[in-house]
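Here is what Swiss-Prot says about this protein:
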type     : residues                      : note
ACT_SITE : Glu12                         : active site, proton acceptor
BINDING  : Gly78, Met153, Met174, Glu175 : substrate binding site
ACT_SITE : Asp198                        : active site, proton donor
Amino acid sequence: MKIAVIGAMEEEVTILRDQLKNATQENIAGCEFTTGVYEDKEVILLKSGIGKVNAAVSTTLLLDRFQPDYVINTGSAGGFHHTLNVGDIVISTDVRHHDVDVTIFNYEYGQVPGLPAAFVADEKLVKLAEESALEIDHIQVAKGTIATGDSFMNDPNRVAFVREKFPELYAVEMEAAAVAQVCQLFGTPFVVVRALSDIAGKESNVSFDQFLEQAAIHSTDLVLRMIKQTQ
């Protein structure tokens with residue numbers, strides 16, 4: 001079993017990297033790939049860089065070069081659903097773009113022409129994440145839609161606009177839809193597991209700086225449990 005894990009920033013990958021045995025590292029086109037072993041499973045850890053272009057380029061390299069069995073995209077996110085708090089974890093049911101608009105040509109808001117409006121996470125991986133989360137009793141774990149855009153969501157007007165477009169949205173961030181889109185094109189199963197570093201629109205820039213490390217700890221904890229339980 002070959003498992004790929006993608007995080008955008010150093011803070012989002014460093015804990016998992018330290019857990020890998022026999023680790024080797026290489027950089028391709030500015031993307032950092034670390035291969036190693038955790039719980040007798042081969043793991044490819046990708047530090048993709050921030051934003052959709054970086055995520056798409058690095059995920060393409062990952063899938064073409066390493067051909068993993070499945071992909072987990074992890075790291076931090078901004079909470080959107082009213083039930084969520086900083087530190088909570090969101091498991092994706094599906095992933096969408098929140099900054100794509102070709103509705104004038106009768107596409108759904110967020111839909112890239114020629115592709116589905118929503119990239120649906122693999123059911124088995126969602127179940128694996130949910131079952132692994134049962135071992136974590138001090139963090140709320142939710143399941144729902146995650147949306148991606150190339151902007152940090154601290155503008156209340158933008159938050160209100162996205163909330164209107166996606167009323168049941170759980171979290172926002174800057175890479176997952178690009179990762180999911182590439183996985184869709186390659187036919188590779190994926191799931192997104194994100195911990196909340198902030199609540200979108202509510203002094204989110206201050207909260208992000210304060211709670212990024214906590215979010216990374218929580219999301220990595222769940223990812224490690226998922227890898228351990230993978231058959």
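Cβ coordinates are placed from backbone N, Cα and C, and glycine is handled just like the others.
Sequence features, as recorded in Swiss-Prot, placed on the structure.
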{"residue": "Glu12", "record": "active site, proton acceptor", "Cβ contacts under 8 Å, 6 or more apart": "Lys47, Thr74, Gly75, Ser76, Ala216, Ser219, Thr220"}
{"residue": "Met174", "record": "substrate binding site", "Cβ contacts under 8 Å, 6 or more apart": "Ala8, Ile50, Gly51, Lys52, Ala55, Thr148, Gly149, Asp150, Ser151, Phe152"}
{"residue": "Glu175", "record": "substrate binding site", "Cβ contacts under 8 Å, 6 or more apart": "Ile6, Ala8, Ser48, Ile50, Gly51, Lys52, Asn54, Ala55, Asn73, Gly75, Thr148"}
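Cα-Cα distance from Gly78 (substrate binding site) to Asp198 (active site, proton donor): 5 Å (rounded to the nearest whole number). A gap of 10 Å separates the Cα atoms of Met153 (substrate binding site) and Asp198 (active site, proton donor). Secondary structure from DSSP puts Met174 (substrate binding site) in coil. For Met153 (substrate binding site), the Cβ neighbour count at a 10 Å cut-off comes to 25, with all displayed protein chains included. When every Cα pair among Gly78, Met153, Met174, Glu175 is compared, the largest distance found for this substrate site is 13 Å. Counting every protein chain shown, the number of other Cβ atoms lying within 10 Å of the Cβ of Gly78 (substrate binding site) is 26.
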